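What follows is a short report on a single structure.
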Amino acid sequence: MAASTGLSTVLKEIVQVCREVESHLATESHLDSGEGAPGKNTFPIGLEGPRKQLANAAAQLSQLVTDPREYLEQLSANHGSIAYTDLANRASVPESQLKSVLRMTAAHGFLAEVTPLEISHSPTSALIATNPSFYDWARWLTNYSVPSAYHFADATQKWGRTEVKNETAFNIAMNVEVPFFGYLKENAKMNSMFSSYMRNVASSEATSFKHMISGFDWGGLTPGSKVIDVGGSGGHGSRALASAFPGLNFVVQDLPDTIENAKAALNTDESKLHADRVRFMSHDFFTPQPVVDGDIYFLRMIIHDWPDETAITILAHLRDALKKPGARIVIMDTILPQPGTVSLLQERQLRVRDLTMMQVFNAKEREYDTWKALVEKVGLRIIHVEQPEGSNMGLLELGLADATDLKAGGNARLVFNGNMKTPSVNLNINGASTINEFAHGSTPETFAVNGIHTTDKARPNGDTTHSGQASIPNGVSARISTRPMYARDVLPVLIIGAGISGLCLAQYLHKHAIPFVVFERDPSSEHRPQGYRLKLEADAAAALRESLTAEVYSAFEASCAESAIGETDFDPISGACIKSRAGGGLAGAQGLRASYTVDRTVFRRILMTGISDKIYFGREITRYDICEDNVQSYVVATFKDGATAEGRFLVGADGTRSAIRKQLVPEHKFLDTGATCIYGKTVMTPELLARYPARALRWMTVVADRAPLIQSILIGESPLTLLSEPIRFSRDEPTASLPEDYVYWVLIGRRELFTDATNTSASSTGHGVNSDKAYNTESAQASAAQSLALTEEWHPSLRSLFELQDVSQASTMRVVSAPPKLPVWPSNSCVTLLGDAVHAMSPCGGVGANVALRDAAELGKVFASTAASNEEDAIQSVGGKASDQHDMAQQIASFEGELRKRAFGGIMRSFVGSKAMFGQRTFEELDVAEL
């Protein structure tokens, strides 16, 4: 009966996914007809998720219907050649035997019989035939891996349990006395084949560098931090990290021959990239570590090659090098899952890797508990573990066992970002990953999925759950396990978006010990250019003072740029100064008051201080559901990859394209102002200081180009305006990580002035680059080129600002705005909006960030007050009773009422600036922006 039920479930899943795939292919016409060049990828990238789901279900189906007596037959060699009569003659083998072999391989998809007389390549065989690295990979498996596997039983019988390097199945298979690496060094042909094999392994999805880049918070390290890449071979991993994180420096360590080869490779253009930040050092990791001022000691695919005794020696030398405060060890290696906790296909790959390590090295892949026991023997402890989705390796962050924990709470956290299943599941969509309940109380270790703690101990009075049903889009039925009757405020506040407002709210909650988690769709904090300034007025500074701890607020103040208030206007053609005024009324009761100038990248990093372990990147929300049981209401957020998170409240701080706004207030549409802007920054190099007007480097500078254009006949006068400001930092604070002094600038005008070459699909807001827009080098280069084209007739002194710009920081955006009068929607006790998600505004008023920060502080007060009112009775927490939920809904309604007032003032102030800078029409005349 159980097998029948399993078969039925898998078949239904296959049918459902097949319909989804066929529907997509029918509209997109992506799937190849089967004709044409062999080896062509038949699935588009957009179907990668469904393809993997279908492949996994198919593997499960095969396993369910395979008779045990047939299993070994399926494991017979999937190898062969590519033809029939002619091939038999060329290979000097009997045709009948050849045909039997090839038809067996065709039955397994390795080749394809196009007619009863002809055999051709399949995509798999074509890949081996045309890709030298893949060919060497296949040869390696055939010549070395398979023979070693064949003799595994012989080695076990001969030596039993052993960790000696030359007592392996490999030694029996090759009939050699030396260990694997010794034999490899002596055999040039094998060495070359092994190198190709490793290149092929490294190029696979499961071992891609992208998992290394996203699996650890490299962006949270202080700029200038030193990463020691222990056993880093040719430095390819360090260069990948250097490209993604320009503020970090790397030291690649390996044996002398390897380092010399790596240095020789630096003659290539590709290897010269980041040469100033990636240096090489000869070092044997079995000897004491010579670098003792490193911030991170990184070992990728190193420890799994060695048995425990040897691994302890390696780790002990690194432990002794942890001299710098906060220094850590990061290991990227396989963390074997418990059976059945990952997809069948991924588990198969990991089990094969485990056996290979035993057969060749007498080493092993380790489970989490084995890793924990290993590092504890060295006086280390696991601080954090991350398992990136799609990766065969996880990342273990280690610190000294007797050191103060680097993460809040002091507990190791095991985080899985793949299709993991756990014993305590609250919401599971067809096996997709589930973000489980937020654990409360203190336990020695808490395990989590996607960063939300879960443990059976988090359930008071035992597990008394019962199940309910929730409706999820596109017909998928999700099982929801409702929780036992315990305080709702042990669940976290879910903050969607790691922009300014979302992080400020997170800091407020952190300050008041209210559980929260932040989810950000960007894959990292440095995914897009954000290196330009924000102007914060007194009200915003007050909001920060209310939200941040004293230490973090002091760091904010120390990071502020030196502000000078005034305005200078230049003529774009002659380069002459038209007018200039210090103060300009900005310091009085009108205009900008008591402003702070901050670099947005630095500011955002400060707002992540102390909470980076609660921020999860690469999580894009698609919808939410408000659920109820007999005790309380709670919200379940569903992400693009199928993962879910459960919380006490959901805050949409996810920018102008907010999925939360579209669901909560679908009638609330943003407006297209008709303008486009290019943001940029130009570092104050000696050349810029020599060419750019000195009077333009004192305070805010405005250049208005009102040259008549043919468009003026059609659309009225259409000025192009440059707004720039010098950003200088005080170097009195040696601990502050600040960028070089630079000039912030923005070019803004009616869209008709900008060419189609510009990427204008994103939206700009009142406080900088819109976080909804993905960044890439090509779009940055196009933006920089557009700035030069628009200012081609300008005076050379002014144009030097664009000629010397940091091209990587240029970005072009469409300017959108919410209407000044926001709609009134029914408030509830589970969901609300913040910042650009609800009241995007033109940057011309310079107040978007101010309004967003005040939003965050005011919402934080709501959570703090409700937490305080329920402190005496933890069981009857916020929302725990109907009366509590009603009270929370009333407080949210009051918050949203004040938010509408703030939004009206900010949007109207921005309108005044927009009208002056690019001639914005009235809001009634604007079209709805398609976002």
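Backbone N, Cα and C define each Cβ position, glycine as well.
Positions annotated as region 'O-methyltransferase' by Swiss-Prot, on the basis of similarity to another entry: 1-463.
Sequence annotations record features per position, and here Swiss-Prot assigns active site, proton acceptor to His304 based on sequence analysis. In this view, His304 (active site, proton acceptor) is surrounded by 21 other Cβ atoms within 10 Å of its Cβ, with every protein chain counted.
Swiss-Prot lists 455-474 with the feature region 'Disordered'.
If you look up Swiss-Prot, you'll see 462-474 marked as compositional bias 'Polar residues'.
Annotation source Swiss-Prot lists region 'FAD-dependent monooxygenase' at 464-931, citing similarity to another entry. Summarised as a single figure, the pLDDT of the region 'FAD-dependent monooxygenase' (464-931) averages 79.
Under the three-state DSSP scheme, Glu520 (FAD binding site) falls in the strand class. Swiss-Prot lists Glu520, Arg604, Asp836, Ala849 with the feature FAD binding site.
Between the alpha carbons (Cα) of Ala849 (FAD binding site) and His304 (active site, proton acceptor) lies a span of roughly 48 Å.
For His304 (active site, proton acceptor), the nearest of the binding-site residues Glu520, Arg604, Asp836 in terms of C-alpha separation is Glu520.
In sequence order, Gly497, Ala498, Gly502, Ile615, Tyr616, Phe617, Gly618, Arg619 are the residues of the chain that are 6 or more apart from Glu520 (FAD binding site) and have a CB within less than 8 Å of its CB. Per the record's binding annotation for FAD, residues Glu520, Arg604, Asp836, Ala849 show a top Cα-Cα distance of 18 Å.
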